[in-house]
Every structure is written in C-alpha cells, then in structure tokens.
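Take a look at the structure below.
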Amino acid sequence: MPYDHATIEPRWQAYWDEHQSFEAKIDEARPKYYVLDMFPYPSGSGLHVGHPEGYTATDIMARYKRMRGFNVLHPMGWDSFGLPAERYAMKTGTHPRDRTYECIDNFKRQLKMLGFSYDWSREIATTDPDYYKWTQWIFLQIWGSWYDAEQDKARPISELPIPAEVEAAGDRAVHAYRDEHRLAYLHDAPVNWCPDLRVVLANEEVAEQVEAGHEVIRVPMHQWMLKITAYAQRLIDDLDDLDWSPSVLEMQRNWICRSEGAEVVFELDGQAGPDAQLRVFTTRPDTLFGATYMVLAPEHPLVSTITTDAQRDAVEAYVKTTAHRTERERQVAAAEGDKTGVFTGAHAINPVNDQRIPIWIADYVLMGYGTGAIMAVPGHDARDHAFARTMGLPIVQVVAPATGEPIDVQAQAYPEPGVAVNSGLINDLPTAEAKQKITEWLTAQAKGEARVNYKLRDWLFSRQRYWGEPFPLIHKPSGEVASVGVDALPVELPEVDDFNPSETGEPPLAKALSWVELPDGSRRETNTMPQWAGSCWYYLRFCDPRNASAPWSSEAEQYWMPVDLYVGGAEHAVLHLLYARFWHKVLFDLGHVSTREPFKKLVNQGMVLGATYVPRDPQAASAGPKRVFVSDEVEEINLGDAVEYVHKQTREPLTIQWDKMSKSRGNVINPDEVIAEYGADTMRLYEMFMGPLEASAPWQPEGVAGCFRFLGRAYRLFFESPKDAEDRARDLGEGQGSERQRRLLHRTIADVSERIERMAFNTAISSLMVFVRDVEKDGETLGRDAAGIFCQLLAPFAPHLAEELWRALGNPQSLTYEPWPQADPALLVEDSWTLVVQVNGKRRGELKIPASLDPKQAKDEITELAMASEAVSRFVGDKPPKRVIYVPGRLVNIVLG
Ligand code: ANZ
C-alpha cells in the first residue's frame, strides 16, 4: 500500500483536537512566543492556495518553537465585517450575518484540513457582539482622549486644561472646546457619493464605478475622523526598533512623509486685520523672491471672500467642476501636466519684497495638505512652471546651480538646490543656509516660522454601511454628542430588512427608527466603523479572548505581548499596520498596554501565481479581442527537455503566463482538490518548497507531485509492504546507525535548525530531502534513534506524517512537545586524512581524503581520487600509467612509462 495521507491526516487532526494539543496557557516558567497570521476576511469563494503560504510558515515556526520549549500562542480568527457580505445582502436579501458565518464555517473547515496548530479555543470573529463590544470600548477610549503635545501623549479628556475665557463662556463652550480636542472628532469631510447606486464608495472603488458609467460626486458629509496625525512623529520614530523588512519600513515612512519647511504669511492686498492673511506651507522658503503668484485650493475658505465681482462667475463654475473630481484624479491630472485654474481677481503682498502678486485657484493645490494654499515659484517647481506657462504668468530665476552652469528657467524649472540669486538678503547663500536665514528673518518679522508637515491625514473613520460596528455615541437634542456609557456596550446592530442607504446617502441604520430614536429625544449615531477597526486590535483580544469584563487582562497582555512574529500579505504593508500601531499607541498612552509597538518582527509572504495561456504567435495574440485560456482548455505536451502547450480543440500553440491568482482570471487552484489528491502535508511542503517565503512563485503541479513522492519515500524508510498485506513497520537498526549515518543525521539537524531560525524553509526542506536520498542510497536501514530524530525534524513541515511515523516507533504521545534535537558539533566537522601524491617517485602534492574512505578498505576509490587530482593530471597524458603504488594511509605513487 502506498503512503496513505487520506487516513493518516484526519486521524491526527482528530487526535490534536481531542487532546487540545495546541491550547496555550500562561506559564511564567516558560518563555513565550506569540506567532500571528493576518487573519482573513472570510470571502464567499473560500481559501485559495495563496492563503496557506503565510499560514504554513507561521505554523512551522509555532511547531518548531514548541519543540524548543517555548510556550506558543498561535491563534486564528475572522476579519468578518466588510462590504462583500453587505453587497450580497442587497442582492439576495440574505442577512450579512448569515452569509458571514456560512463563509466562516467554510474557511474553518479548509484551515482545519491543513493541520495548522492553532489554538482554536481562542477563535474570534470581529462581527461577534462579544468582540465588537470591545472595539466600541476602545473607540470610547480614543474619543475620550486628547493629545497633549507637551507630554507627547494622549490623556483623558477630563484632564484637558480649559482656558479661562472658554470656562467663562459657559458649559456649551466648554463642551465644544473639548470636542475640538478629542482624538475622535466630527468633521464635514467630502465622500465619494454615487447617486445611481446609492452608495458611498471608498477611494479605491471610484474608478471601477466611473468606468461602468456611474456618476460619482464629492459631497460633504458629517464624518468621524481619528486624529492619527498627532502620532505622525512617533509612528516614524518607533519604526527604528522594529525587525521589519526595509521595504515595509520605507513604505510606512513614505506614507507618513515628513517634510521640513516654513509657514509664510502673505498679507492680502488692500485688506487689513488678521483675516486678511494667507498662510502657505513651503519646503523652499529660499525661493520666496521667485514667488510670482499664489494658488488656493478651490475649497479654501478664503476663496469666496477674496474673489472679486468680475471674477465671481468664473470662480464659482470652476469650484463646481472640481467638486466632481476625486483627490486622486486631481493629483494624477496635475502630475500629467494638465493645469487648469481661474484668477480670483485678488492680490497678495510678498513679505520679502512687497511685490503685489495675483491669487489664483487651481485644483493642483489640495486642501488637505499644508495650509491648502501655496506660493507659486514657477522658476523652481515643475508644477508651478507648467501652470505659469499655461496661464502666461511671470517666471523668475532665484536659484543657480552651484557649478555655475547656465540654465534657462523660462524653458524649464530648476528644482535642484544650488545658490540663491536675485534674492536680497540671502543672495549667494547655498540652499540649506538660505532656507535657514530666510526662516530666521521671517520669524523675526513675525511673517512666518519653521514648520514640519506630514502627508499623513487624519483617518476618515465612518462608513455609510450596515455591516460594521455601530458607534457607541448618541446625539442629544441640544446637539451635543455623548457616549452611551460603557455599561451599555455592546451597541448591537439593529435588525433591518433593507440594507441600502437612503436616497440622500444617509446610512442604512438611519432607517431603523426604533433603534435610532431614544426615549429622551436623543438619536444614535448611524454611521458604522470601517473594516479596519476590528483588525486594529484583534492581536490583543487573542491574549484573553473570553474575558467578559475587560478587553484583555493586564496579566495576559503583559505575558503574551508583543507579537513576536507577524506574517501576512504585502498589501497590508501600509494602512492596516499603521492603523493598528496608532491604536496601540493610544492604548499605551492611556496605560492599557505595556509595549510601545505591537508587532516585533514582520514578514510579508510572496504571492502564489497562477497560470493562464495565451496564443504563442504574437500577431494572433494581438489580433481581435484578447484570448486567454485556462488550464482545463490546454493540453501539455512533454518534449523531454521542454514542454509545449496547445489548445485542446484548435491545437493552436500557446504560451504560459503567470499572474496573481484571482477568481476573475480563472487561474485559481482550489486547496480542497490538492488535499484530496495529495494530502495536506504535501500541500504544506510544496507551499514552502516553492521558493523563499518572501518571493512570489508560480504554482506548478509537477512540484506538488514531487513533494508527494518525497513524503512517500520518507514513509518507506519506516514501513515495508509485504505482498498483498498491510504495511508493516520495518525492523530498524540500532541507535543512530553507522558513523556515516550519524554524520548525515547531525548535519541535517544543524541545517534544518539553522534554516528554520532564518525562516529559509525551502532550503530546510531540501536538507530533509537530501537526508532521505542519502539514506536510501546507502542502503543501510535507519537506526531507531535516527528515525525518531528525523520525525522531529519533519514535524514542523509535515506534521501528520511525522506523528504517524513517531507513533510507529512505539511512542505513545504526540511529538508536539518533544524537545528539538541537538546536533553534536563533533559530528559536524568533516574529518579527513592527508595523502601524499607522487609522480615517478617525486612528490607533487597532497590530497585531503574524507574520513569515510577507509585507508585500508577503499584502495580503489583513493587511487582514483589521486589520479583525478590536479597534481597528477598535469603530468599524466592520455596514456595509462605503468604502475600505481599505494601505501595505505600515506601515499600514492604513479609510475609513468
Ligand atoms: C514653494 C516651492 C518652491 C515649493 C519650490 C517647492 C519647490 P512636499 O515636499 O511634498 O511636502 N505645496 C504645499 N502645499 C500644497 C498643497 N496643499 N497642494 C499642492 N502643493 C502644495 O511639498 C511641499 C511643497 O508642495 C511646497 O513647497 C509647495 O510648493 C507645495 F522650488 O512652495 B513649495
């Protein structure tokens, strides 16, 4: 009988379940290891082979660390709020909850089939009221705090100092003052509203709907915002202590994007008073003398007040058109040199030279960055240059290359640093010094100051959706916002029949009137939280998932946190990690968690790529509509050293192409099928053997079959099949076998251990493969102890088979907690002895002969090595030597004729 995964795997899965082998409990006596996967959104299509790549990697680490004596926490759960279930509800009327839990069951079944060593007793779903109760509780912590810039941390809002004049103005004023300072605040922020579909779209969804012919407009809506910008600098600084890949660290830094510069004050011409000022942020205050006009974002609050009557119609029309464009579209258009804008009719005074310069509005200036207004320096900024050329505005040179090389700023902007020219008090200064000097001057004149800006924006935290966490807030008749109180948590979602927003874009919850309207005339908040919310803190809940009185106990948090290893897709390199780090820092400031950062080490697994096929002939491929075939339509012809693909019916020659797996491309591999045919151990092994964990790699069926054959051969080292009978355990040898087998074994222990530590799993697997191959080649039966150690080494990768073989050796218990084997250093040194090589009696060199070649027994091999050595081949031609004299253990003398 061949290796029978179909009986072995369910048996061990049942065993682990029954014995709760992976249940984690706090144990101060053992070091802890917290290894976490990015938990999945349980989609309707189930798992594809891309998911288990990361999950197998973490499972290897979890199993390995347990054997190393660590107390391992390895949990799994569901990021189960989200749009697909809501869309499905709109289409079918099925409640998103029913659909979600159906999908969870399917995901769980699939994950269980793969034999991952999760502590399932800690399973959580973000949609469970027991879970989102605490998501709401954390929101209340954030809402209940302000950021103290002096202490550089969040503090309870009750500790916010209230200025005397606010205090004097009464309760309402105090209330309003607090609301302005909270880390969660209400703001009229524009959303992407699609009137046809009656949905608010996320930025990344806009393009798709516009292509489908739907109108999408930006409309202002009352939205909850989280003040993540208060944490910008800490979110940058604390990256230094993390063991994350340089590329992810870079992406985080770029997203937050710190820029240093100055804020400069321009007076409005012909007006006076503090309102008659225009503030701009610039990274190049040294170019102030070259500012020939100013630009406001169309949404800038000053636009309506400064616009002259003559320009009003044009300005209003322009403001209206830009409202239709998303910020992304505006940025893209600006980058492509598409410059539009309108003159407001107003002028400002340049503070360095009192020049009167025109004020324009244009949508390449964004309201959300800096001050929403710029001084335009067309000589040295490419965007301003393109705009000035289009609008016929003056261009002045104020920086020259330090090399003295001539430039023509009329033709092209010169954005590089250099030396200031035509710039009054900073003339001849290099850019860095010029910036500093002009900033000092501005500060002294009270016309500006040094300023740091971040691209990071506050986080738009509300969604007009049903399937999300309700906000635990109410709006009182007085207009004040209040917490429902911690005792009233969770605020559960109301039952509704209709999951569509109202025609005006009011969220679906607004229609559940009996839920919204409270007896005292207050109304519940009807937005829900974004899907990010639940994933911002699930790693904390896993520490103490059944705690009914707190989100986690400090004992559990202090024992398990931080996460030692976090593995997930690179698509979460920015937002999820940034949001989770932000929440973590707020919780840290308020004393709820004890670490500054949640995730110590982060690894992003690569993508698994799937195959589709396109015509090989480039002309056929480009003619007519694009033709792409999926593997079912294609026949593979094996040509020995190559393969060819042809269409099964038309016989057209095709070539293979690799893409990210996706249902729409038709290149998805279903893990259920792979497991049915080859088993979970093969699938796990193959996922890890495809290449380095962080690299993307194509899914190749031949590779899967190869891994299956390897496991079959490992099985054969333990079992023989007498004719027509059940498999029978082999009679194994003594101990760790011969010296040679021991050396092989200990080399394998050393290699596998070191490679697992580095998470170089593909090479760890190859060293297991080499072991099995060499044992087979030697023909020596495996020693009983060597066999046990092999099981242990195999266990992290192919745990079902490893348990089966371990049991066959007579061990009554699972090997989950067997101590990891240690390599004996003495057996790792390659022993050798020295052979002197002579030609015609003259010494010509020395050779290192491996200790495994016995000087007395291996005469033939040793003389052959000597003949092939460089020392000899230089003297010996094609002719065979006359005589070869071998003195065992000492020398070989080649006598030529
Ligand atoms: C004058 C200037 C001269 C600028 C020059 C650059 C080069 P970063 O580095 O990305 O922070 N800017 C400021 N606010 C803006 C807004 N809301 N929308 C569009 N552009 C804005 O960019 C800062 C620079 O981007 C600022 O420095 C400003 O242009 C522009 F030779 O001011 B600069």
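Cβ coordinates are placed from backbone N, Cα and C, and glycine is handled just like the others.
Record features (TrEMBL):
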type: DOMAIN; residues: 12-143; note: domain 'Aminoacyl-tRNA synthetase class Ia'
type: DOMAIN; residues: 253-442; note: domain 'Leucyl-tRNA synthetase editing'
type: DOMAIN; residues: 659-686; note: domain 'Aminoacyl-tRNA synthetase class Ia'
type: MOTIF; residues: 660-664; note: motif ''KMSKS' region'
type: BINDING; residues: Lys663; note: ATP binding site
type: DOMAIN; residues: 744-854; note: domain 'Methionyl/Valyl/Leucyl/Isoleucyl-tRNA synthetase anticodon-binding'
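Sequence-distant contacts of the domain 'Aminoacyl-tRNA synthetase class Ia' (659-686) (same chain, at least 6 residues past either end, Cβ-Cβ under 8 Å): 5-6, 8-9, 45-52, 56, 59, 110, 113-115, 607-612, 628, 630-631, 696, 699, 703-708, 710-711, 765, 797-801. Cβ neighbour count for the residue listed as 'ATP binding site' (all protein chains, 10 Å cutoff from its Cβ): 11.
DSSP assignment over the domain 'Aminoacyl-tRNA synthetase class Ia' (12-143) gives 71 helix, 13 strand, 48 coil. For the recorded site, the residue listed as 'ATP binding site', the DSSP three-state label reads helix.
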